There are 4 protein chains.
Amino acid sequence: MPVNVAINGYGTIGKRVADAVMKQPDMKLVGVAKTSPNYEAFIAHRKGIKIYVPQQSIKKFDEVGIPVAGTIEDLIKAADIIVDATPNGVGAQYKLIYQQLQKNAIFQGGEKAEIADASFSALCNYNEALGKKYIRVVSCNTTALLRTICAINKVSKVEKVRATIVRRAADQKEVKKGPINSLVPDPALVPSHHAKDVNSVIRNLDIVTMAVIAPTTLMHMHFINITLRDRVEKKDALSVLENTPRIVLVSSKYGAEATAELVEVARDLRRDRNDIPEVMVFSDSVYVKDNEVMFMYAVHQESIVVPENIDAIRASMRLMSAEDSIRITNESLGILKGYLI
Amino acid sequence: MPVNVAINGYGTIGKRVADAVMKQPDMKLVGVAKTSPNYEAFIAHRKGIKIYVPQQSIKKFDEVGIPVAGTIEDLIKAADIIVDATPNGVGAQYKLIYQQLQKNAIFQGGEKAEIADASFSALCNYNEALGKKYIRVVSCNTTALLRTICAINKVSKVEKVRATIVRRAADQKEVKKGPINSLVPDPALVPSHHAKDVNSVIRNLDIVTMAVIAPTTLMHMHFINITLRDRVEKKDALSVLENTPRIVLVSSKYGAEATAELVEVARDLRRDRNDIPEVMVFSDSVYVKDNEVMFMYAVHQESIVVPENIDAIRASMRLMSAEDSIRITNESLGILKGYLI
Amino acid sequence: MPVNVAINGYGTIGKRVADAVMKQPDMKLVGVAKTSPNYEAFIAHRKGIKIYVPQQSIKKFDEVGIPVAGTIEDLIKAADIIVDATPNGVGAQYKLIYQQLQKNAIFQGGEKAEIADASFSALCNYNEALGKKYIRVVSCNTTALLRTICAINKVSKVEKVRATIVRRAADQKEVKKGPINSLVPDPALVPSHHAKDVNSVIRNLDIVTMAVIAPTTLMHMHFINITLRDRVEKKDALSVLENTPRIVLVSSKYGAEATAELVEVARDLRRDRNDIPEVMVFSDSVYVKDNEVMFMYAVHQESIVVPENIDAIRASMRLMSAEDSIRITNESLGILKGYLI
Amino acid sequence: MPVNVAINGYGTIGKRVADAVMKQPDMKLVGVAKTSPNYEAFIAHRKGIKIYVPQQSIKKFDEVGIPVAGTIEDLIKAADIIVDATPNGVGAQYKLIYQQLQKNAIFQGGEKAEIADASFSALCNYNEALGKKYIRVVSCNTTALLRTICAINKVSKVEKVRATIVRRAADQKEVKKGPINSLVPDPALVPSHHAKDVNSVIRNLDIVTMAVIAPTTLMHMHFINITLRDRVEKKDALSVLENTPRIVLVSSKYGAEATAELVEVARDLRRDRNDIPEVMVFSDSVYVKDNEVMFMYAVHQESIVVPENIDAIRASMRLMSAEDSIRITNESLGILKGYLI
Ligand SMILES: NC(=O)c1ccc[n+]([C@@H]2O[C@H](COP(=O)([O-])OP(=O)(O)OC[C@H]3O[C@@H](n4cnc5c(N)ncnc54)[C@H](O)[C@@H]3O)[C@@H](O)[C@H]2O)c1
Ligand SMILES: NC(=O)c1ccc[n+]([C@@H]2O[C@H](COP(=O)([O-])OP(=O)(O)OC[C@H]3O[C@@H](n4cnc5c(N)ncnc54)[C@H](O)[C@@H]3O)[C@@H](O)[C@H]2O)c1
Ligand SMILES: NC(=O)c1ccc[n+]([C@@H]2O[C@H](COP(=O)([O-])OP(=O)(O)OC[C@H]3O[C@@H](n4cnc5c(N)ncnc54)[C@H](O)[C@@H]3O)[C@@H](O)[C@H]2O)c1
Ligand SMILES: NC(=O)c1ccc[n+]([C@@H]2O[C@H](COP(=O)([O-])OP(=O)(O)OC[C@H]3O[C@@H](n4cnc5c(N)ncnc54)[C@H](O)[C@@H]3O)[C@@H](O)[C@H]2O)c1
């Protein structure tokens with residue numbers, strides 16, 4: 001019998017996880033919770049998804065012609081597990097209700113690590129999360145860092161990571177957030193919080209991150225320098241990156257390098273919503289010097305955590321092993337490894 | 001027997017027209033001409049589209065592993081009609097070859113009006129183009145102006161048009177074009193060329209346009225003021241806009257107003273490449289004062305001319321009537337009328 | 001004896017008005033009110049300007065080493081008139097204090113028209129504001145509209161105005177405001193509030209405005225269509241624009257057309273903060289058709305209202321006539337007419 | 001007797017160097033060479049600077065009313081030394097003429113290192129350039145890297161540098177260059193050319209750089225990781241940065257962190273053209289871990305090389321020692337050390 005999954009917070013992350021849940025053989029989407037009757041709600045309704053709203057919002061939804069299936073509490077009760085994709089910090093308030101109703105829950109990276117029994121990255125610590133009632137999928141940037149670090153760790157033991165993160169300032173739909181013409185240190189303090197977030201999954205790793213916000217909406221980019229225990233060869237690093245699921249390589253030979261060009265590739269490939277949940281490593285950027293491996297990659301912030309949420313559900317509910325879950329998630333969502341282009 | 005269509009120039013417009021041709025019951029895509037072996041070429045190849053290249057480029061395509069079906073001349077010979085979607089001005093050079101090989105051709109708005117026997121807008125002058133060997137689909141901005149003007153003309157005779165055009169500066173994939181933080185008069189001379197381009201379809205219309213480039217890649221926006229012969233009511237204007245194919249209305253009630261939000265709607269609706277070939281009129285903006293109708297609308301430059309190209313093929317080849325062609329094009333491409341959201 | 005002027009709210013507008021006050025022969029800056037101890041406060045302090053803060057903020061200012069001269073109430077008491085340049089809506093709260101302490105005050109366009117006894121545009125209605133205790137300088141966009149309308153009104157009586165406003169989304173220093181890549185109808189309803197704001201100065205004018213936000217920080221641009229009682233000649237329109245103070249013409253012949261290029265001109269001309277308080281009309285855009293005059297112009301939102309604030313102080317305090325005030329303001333601030341370049 | 005300096009290429013860099021030359025006690029600006037009669041030429045003329053143009057361009061300048069003092073060859077002949085600030089690669093063509101006429105010349109970073117007898121950074125290798133006929137001031141990014149590396153080298157010997165460079169995509173006045181909404185690897189290959197350019201001044205330094213272009217016009221930002229021979233303390237690194245000329249520290253306490261806010265500080269400080277030729281190190285970002293020093297800084301690309309050009313003139317002409325030249329340049333241009341804000 002499939003697990004009943006509810007999505008609380010149907011925005012950028014929530015709507016993607018909802019779609020992904022509907023593609024899993026072992027899951028059923030019982031409904032989504034929404035607070036404002038906007039176009040996301042209206043399109044969900046047109047797709048036949050059941051919408052639950054706060055008691056006091058029922059009228060607003062009625063007025064614009066979006067039928068309501070019940071209250072958020074009704075939804076939580078009907079589910080075995082909730083994926084909480086509410087805005088930063090709101091999940092912490094909902095946790096009390098999940099606990100009261102004795103439901104498992106998956107939180108997002110906008111919540112503090114302490115909210116959960118385990119922070120989660122499928123390729124790094126699936127097993128640690130097995131059976132945990134509350135799991136937190138780390139943020140988009142941290143998910144990307146963890147994927148590449150855990151991959152490179154297979155070449156030789158990772159001893160030190162230094163990374164610069166150039167963050168997109170807003171998601172494409174977010175028109176109120178800036179900057180319009182500025183770089184913004186995020187923060188002007190070193191290390192940025194991303195290092196600590198990586199440490200919530202790989203404890204004791206020597207990692208320092210610096211971050212800056214750039215006026216773009218499409219993708220983040222990371223510039224990473226990993227010091228390994230041993231000297232390695234470029235081909236070994238490349239080979240591991242080529243063979244790690246959820247990482248794709250992008251060669252310069254087809255002229256797609258800029259993040260806007262990668263989005264165009266996704267459009268031409270008919271990816272849903274032009275999403276690319278894989279970390280996109282620029283294959284020409286891989287540079288090895290003694291025991292240092294350096295490279296750059298692009299991160300599609302809107303979709304990268306979607307497969308992790310699906311795996312986190314399985315880990316929490318002890319549905320299957322890491323290998324099986326990752327394989328089924330990848331197949332159902334069309335997530336690749338190897339060369340994207 | 002279906003008409004054999006070739007696409008010369010497989011970029012933003014060409015790749016979309018190619019996809020649209022493949023969806024028509026009365027057309028067959030014989031292949032596309034491409035000059036650089038980039039990701040667009042590679043993905044076309046993976047989709048099974050035959051690629052023809054200039055003689056001297058065969059080697060370049062070979063080197064990156066994209067098989068070539070022949071030269072551009074081979075392609076032209078194999079076709080009944082060519083859709084020329086090469087860059088501005090390049091079509092004029094190809095016209096000589098099309099003439100020599102006695103092929104019909106459809107050109108784009110980047111070519112001068114003189115290149116063709118008729119400039120074309122399906123809703124305005126399909127019949128005028130019937131059987132014409134060379135037809136030019138007007139530019140994205142002009143296509144939008146013509147759609148709205150010809151629609152409003154059904155409410156009462158259009159006597160005067162004054163419009164301001166805020167142009168997107170580049171398509172999403174174009175990373176070399178600016179500006180980054182500026183408005184750029186386009187040109188600082190009034191009227192802009194768009195008025196003259198409208199006159200290539202509706203001769204003698206009193207129209208003045210002013211245009212400016214804004215640093216965005218998603219859509220154009222138009223602010224139009226139409227003076228009619230008679231006083232009209234707002235509801236009559238709205239009703240015509242609601243019932244004109246290729247025009248959709250966007251109500252503010254679902255919170256999608258910014259062009260970035262309209263793109264998000266297209267993504268959520270699973271539109272291919274998040275295209276919206278319909279003119280998107282903001283229904284709340286329709287304002288009527290005596291015999292003046294004013295409103296604002298958004299124009300998705302990458303896709304708006306796609307249905308026009310399909311209809312232009314049919315007009316040129318005398319395949320069917322305007323009504324039938326427009327209907328079949330709309331149905332095959334999922335083009336709506338009424339409220340988008 | 002000079003008038004004692006206080007500035008409440010020392011941000012984009014406040015700091016410029018403060019500098020302008022210090023350049024007037026008949027005014028004395030008694031100090032400025034500031035709530036956050038940021039770089040604007042710190043630089044004001046280094047320039048020798050006295051800073052007054054809310055009682056509860058004294059400690060914050062102390063901590064970062066910015067000396068405080070007293071509370072905001074102390075400042076208000078020490079002044080004859082206050083220029084309130086606090087954020088939108090905050091002025092309305094302060095008005096109660098100004099009334100209580102029986103002080104005259106100048107408000108900005110972010111306040112409702114009802115806050116004041118007169119809305120103000122120096123070239124249009126200086127005399128109406130003479131001796132009024134509370135005057136509101138209209139917003140940057142409205143100030144620009146009024147300057148051009150009142151100028152063109154000298155050619156022939158203005159009967160109708162239709163204008164499209166392309167607004168800069170944020171000031172240069174504002175890094176939190178977007179959009180990054182979108183046009184945003186402002187609002188998607190016609191007419192925008194600018195028409196009503198123009199009517200607060202020229203009652204009964206038939207004006208309709210439409211507005212959109214573009215992702216740029218430098219300047220607004222307007223596209224205006226003015227219908228006159230009589231047919232006019234282009235040279236008459238140009239001649240009036242050339243001879244109106246606070247309007248400058250920009251010819252295309254020196255290659256400065258984009259707003260970013262106009263800022264570069266201001267930098268090269270060593271304008272303070274590269275401000276251009278004059279409305280910048282593109283001389284090549286002036287287009288006349290029968291009794292319609294159309295043209296486009298750029299508006300430097302940060303500085304355009306500065307001379308109006310100075311004149312409003314004089315009008316409120318009955319210091320001198322419109323002609324004298326405008327002349328002295330222009331001379332002291334280096335404000336031009338004729339060709340900028 | 002002052003040295004006669006000519007500027008060839010009067011754009012972003014050339015106009016700033018011209019202004020700086022005019023402020024030096026030991027230099028005289030004989031004139032500037034300009035190819036297009038744009039606003040920069042017009043304003044130079046209004047400032048009384050003599051303009052020399054290619055023979056064939058005299059007519060164009062005449063037509064728009066900019067008087068011409070002679071041909072570019074006349075200018076070169078009249079000078080002792082030429083600062084060549086023509087576009088990338090054009091300087092190489094002019095070198096032949098400088099050689100023929102036996103004139104010294106200073107080139108910019110857009111030229112290949114081989115063009116000159118020495119690549120130059122005042123704080124690193126002034127003495128190496130003494131008396132060299134052809135000197136190349138390295139690019140804006142390289143100048144910044146060299147300033148910080150040579151400064152930190154005083155704390156302890158620099159053994160290894162790893163840096164990520166986030167480049168502004170265009171200067172403020174350049175409206176044709178993009179991207180508008182993309183990050184663009186520059187290139188997607190590691191190391192970027194900046195490492196090699198640093199090595200043109202500090203040979204044998206182990207340095208790897210990665211670079212990306214962001215859609216902003218204001219400043220570059222660098223994220224640097226320097227490995228030293230010895231363990232150091234944060235206070236030692238900070239103290240050296242505080243005491244190095246042409247480096248300023250920016251503390252977060254006054255709320256100016258984003259590059260747009262730093263420009264606002266420059267505007268409020270009445271810096272000419274709001275230039276900041278100093279490297280701006282975020283003091284809160286300085287982070288020391290054993291023998292690694294990490295920090296981030298902003299680079300105003302338009303002005304950072306100006307003082308270097310002045311010093312390079314003195315080095316080439318053997319006018320004075322490094323210490324004296326740097327001191328006089330800094331004083332005449334108001335270049336600071338210590339805290340900017
Ligand atoms: N957007 C990204 O790039 C991204 C990437 C990774 C992780 N995340 C994390 O995912 C979480 C969600 O972010 P998002 O970008 O999807 O935000 P979003 O704003 O797009 O969506 C949030 C949704 O929650 C709803 N909501 C708001 N208040 C609510 C409440 N009290 N109860 C129920 N629903 C409520 C909103 O209506 C909205 O639908 C955050 O923790 C964020 O940090 C976001
Ligand atoms: N992009 C838009 O928004 C838009 C909208 C409406 C009309 N148009 C018009 O459509 C036409 C094509 O524009 P686009 O945006 O698709 O351009 P594009 O640059 O995206 O595509 C042009 C294609 O032509 C190919 N090409 C270049 N030179 C060629 C040659 N000599 N022979 C054959 N192919 C060649 C290029 O490789 C590229 O694939 C232009 O006339 C343009 O004005 C463009
Ligand atoms: N920025 C523009 O382009 C522009 C143009 C024309 C008119 N205006 C109008 O001018 C007014 C000020 O706008 P701005 O752009 O200068 O804003 P701003 O945010 O740059 O400055 C506002 C200042 O007010 C201070 N402040 C905030 N709350 C305060 C309080 N309770 N008491 C005292 N001071 C307080 C802030 O510290 C800040 O210094 C608004 O009404 C705005 O609509 C702005
Ligand atoms: N802009 C920057 O941020 C920056 C920073 C550091 C170094 N540089 C370097 O400085 C040099 C100049 O760049 P810029 O940004 O000042 O360029 P720019 O385009 O602003 O100015 C170049 C000037 O050279 C003139 N010019 C063009 N062709 C000429 C010719 N044949 N003869 C004489 N003059 C000619 C142009 O009219 C223009 O005035 C380049 O090598 C560049 O790499 C630029």
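Keep in mind that glycine also has a Cβ here, set from the backbone N, Cα and C atoms.
Among the features that TrEMBL reports, domain 'Glyceraldehyde 3-phosphate dehydrogenase NAD(P) binding' is placed at D:3-140. Taken from TrEMBL, the feature NAD(+) binding site applies to D:Thr12, D:Ile13, D:Gly110, D:Arg168, D:Gln301. What TrEMBL records for D:Ser139, D:Cys140, D:Asn141, D:His194, D:Ala195 is D-glyceraldehyde 3-phosphate binding site. Taken from TrEMBL, the feature active site, nucleophile covers D:Cys140.
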> Among D:Ser139, D:Cys140, D:Asn141, D:His194, D:Ala195, recorded D-glyceraldehyde 3-phosphate binders, what is the largest CA to CA distance in Å?
Replying inline: 13
> When you look at D:Thr12, D:Ile13, D:Gly110, D:Arg168, D:Gln301, which the record names as binding NAD(+), what is the longest CA to CA distance in angstrom?
Replying inline: 16
> Which ones in the same chain are close to D:Ile13 (NAD(+) binding site), with CB under 8 Å and 6+ residues apart in sequence?
Replying inline: D:Ala85, D:Gln108, D:Glu302, D:Val305, D:Val306, D:Asn309
> Which three-state DSSP class does D:Cys140 (D-glyceraldehyde 3-phosphate binding site) fall into?
Replying inline: helix
>> Around the C-beta of D:His194 (D-glyceraldehyde 3-phosphate binding site), how many further C-beta atoms are within 10 angstroms, looking at every protein chain?
In response: 25
> CB neighbours of D:Ser139 (D-glyceraldehyde 3-phosphate binding site) within 10 A?
Replying inline: 21
>> Please compute the mean pLDDT of the model over the domain 'Glyceraldehyde 3-phosphate dehydrogenase NAD(P) binding' (D:3-140).
In response: 98
>> I need the CA-to-CA distance for D:Asn141 (D-glyceraldehyde 3-phosphate binding site) versus D:Gln301 (NAD(+) binding site), whole Å please.
In response: 7
>> Please give me the CB contact count at 10 A for D:Cys140 (D-glyceraldehyde 3-phosphate binding site), counting all chains in the structure.
In response: 23
> So how many other Cβ atoms are close to D:Ala195 (D-glyceraldehyde 3-phosphate binding site), meaning within 10 Å of its Cβ?
Replying inline: 22
> From D:Thr12, D:Gly110, D:Arg168, D:His194, which binding-site residues have a C-beta atom under 6 Å away from some atom of ligand 4?
Replying inline: D:Thr12, D:Gly110
>> Measuring Cα to Cα, how many Å separate D:Arg168 (NAD(+) binding site) from D:Cys140 (D-glyceraldehyde 3-phosphate binding site)?
In response: 11
> Taking only the binding-site residues D:Thr12, D:Gly110, D:Cys140, D:Ala195, D:Gln301, which have a CB closer than 6 angstroms to any atom that belongs to ligand 1?
Replying inline: none
> Going by DSSP, is D:Arg168 (NAD(+) binding site) part of a helix, a strand, or coil?
Replying inline: strand
> Among the binding-site residues D:Ser139, D:His194, D:Ala195, which ones place their C-alpha within 10 angstroms of the C-alpha of D:Gly110 (NAD(+) binding site)?
Replying inline: D:Ser139
>> Quick check: with D:Thr12, D:Ile13, D:Gly110, D:Arg168, D:Gln301 left out, which same-chain residues have Cβ atoms within 8 Å of the centroid of the NAD(+) site Cβ atoms?
In response: D:Ser139, D:Cys140, D:Asp171, D:Glu302, D:Val305
> At the Cα level, what's the spacing in Å between D:Ser139 (D-glyceraldehyde 3-phosphate binding site) and D:Thr12 (NAD(+) binding site), rounded?
Replying inline: 13
> How long is the line from the C-alpha of D:Gln301 (NAD(+) binding site) to the C-alpha of D:Ala195 (D-glyceraldehyde 3-phosphate binding site), rounded to the nearest angstrom?
Replying inline: 18
> Between D:Ala195 (D-glyceraldehyde 3-phosphate binding site) and D:Thr12 (NAD(+) binding site), what is the CA-CA distance rounded to a whole number of Å?
Replying inline: 24
> From the centroid of the CB atoms of D:Ser139, D:Cys140, D:Asn141, D:His194, D:Ala195, the recorded D-glyceraldehyde 3-phosphate site, which same-chain residues not already listed sit within 8 A by their CB, in sequence order?
Replying inline: D:Gly109, D:Val138, D:Thr142, D:Thr143, D:Ala144, D:Leu145, D:Ile165, D:Ser192, D:His193, D:Asp197, D:Val198, D:Thr209, D:Ala211
